[in-house]
Amino acid sequence: MYREWVVVNVFMMLYVQLVQGSSNEHGPVKRSSQSTLERSEQQIRAASSLEELLRITHSEDWKLWRCRLRLKSFTSMDSRSASHRSTRFAATFYDIETLKVIDEEWQRTQCSPRETCVEVASELGKSTNTFFKPPCVNVFRCGGCCNEESLICMNTSTSYISKQLFEISVPLTSVPELVPVKVANHTGCKCLPTAPRHPYSIIRRSIQIPEEDRCSHSKKLCPIDMLWDSNKCKCVLQEENPLAGTEDHSHLQEPALCGPHMMFDEDRCECVCKTPCPKDLIQHPKNCSCFECKESLETCCQKHKLFHPDTCSCEDRCPFHTRPCASGKTACAKHCRFPKEKRAAQGPHSRKNP
């Protein structure tokens, strides 16, 4: 009996040591993961604009979101449905109009000088037997929200503006006197801490992270023939992903927004040809092919059409403002001339019949 009790105690001690060793082994990993989450939270809390927030949460493709905000017609470049809009993001989709509203609201609520009215008597600290008419004046004072809980909107520069008011004293012994009053006007504002603090002193709120969403980052863009695996937190081949074929992941791949011969220029917010043409050749605007321009002002004029130098084509509509030429015909303002041989043929005839 005593021997069995000793064996049980030994196994219990070994089990306790094993559990402690396992917790010590994973402790640094958990602390490191928690530290990463805290840093990410700090960055998100300190974001001062929608663009900065998207830059943090979607660091690889924030420029495209900026383009979508700037260009309202960007979403119409793709013929797919709204749920599969042209985007290189593999994260959550946002409606572009909603983002515009959020961005405008964010800008309006930033810490900045705002027009407000202040009571003159309280502002100047006058006695109760003196009052002003009008009693209040319009000035600019700092107001708005800061992006961190520990900061407040404070003025960094002040000017004094003069207001002409009636000063009245009681009991009334004379008529109201017109006096100049100087009132503080805030010209600069900034979010400043109220007191020195620890950089990580923000109150933490309890957030439960679902087991299936514990990747250190959100879904990422995967190469063609690969899909994002939320369990492995990485891109895997389609045959390795158990959900392959059961869910439409076409929106996670590089979209065919600009076609096979073009690419999206994030700085210019437009589709451009991947390979430019030599200077002596014209580039087709749709398929980016290079060709020699065979049309000219003269050839188009013979067809009774107008020459478009950018597309090297003869079209009915003028790309510039039209004006009447000396011949009485209407032509482009920059192309008000006709073929030389035609003018030569018209010359003698015009001299005979002025």
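Residue 1 is the first one shown; counting continues down the chain.
Placed from the backbone N, Cα and C atoms, the Cβ positions cover glycine too.
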State the disulphide partner of Cys189 as given in Swiss-Prot, choosing from Cys142, Cys145, Cys233, Cys235.
Cys142
Of Cys111, Cys117, Cys136, which cysteine does Swiss-Prot list as the disulfide partner of Cys153?
Cys111
From the candidates Cys117, Cys136, Cys191, select the one that Swiss-Prot records as forming a disulfide bond with Cys146.
Cys191
Taking only the Cα atoms, work out how far Cys153 (disulfide bond) lies from Cys191 (disulfide bond), in Å, as a whole number.
4
In the same chain, which residue numbers or ranges, 6 or more beyond the ends of the repeat '3' (277-293), come under 8 angstroms Cβ to Cβ?
259, 261-262, 309-312
Model confidence over the repeat '3' (277-293) (mean pLDDT, whole number):
81
Rounded to the nearest Å - Cα separation of Cys189 (disulfide bond) and Asn155 (N-linked glycosylation site):
4
Under DSSP, is Cys111 (disulfide bond) part of a helix or a strand, or is it coil?
coil
Within the chain of Cys191 (disulfide bond), which residues six or more apart in sequence place their C-beta under 8 angstroms from its C-beta?
Cys111, Cys146, Asn147, Glu148, Leu151, Ile152, Cys153, Met154
If one measures from the C-alpha of Asn155 (N-linked glycosylation site) to the C-alpha of Asn287 (N-linked glycosylation site), what distance in angstrom results, rounded to a whole number?
56
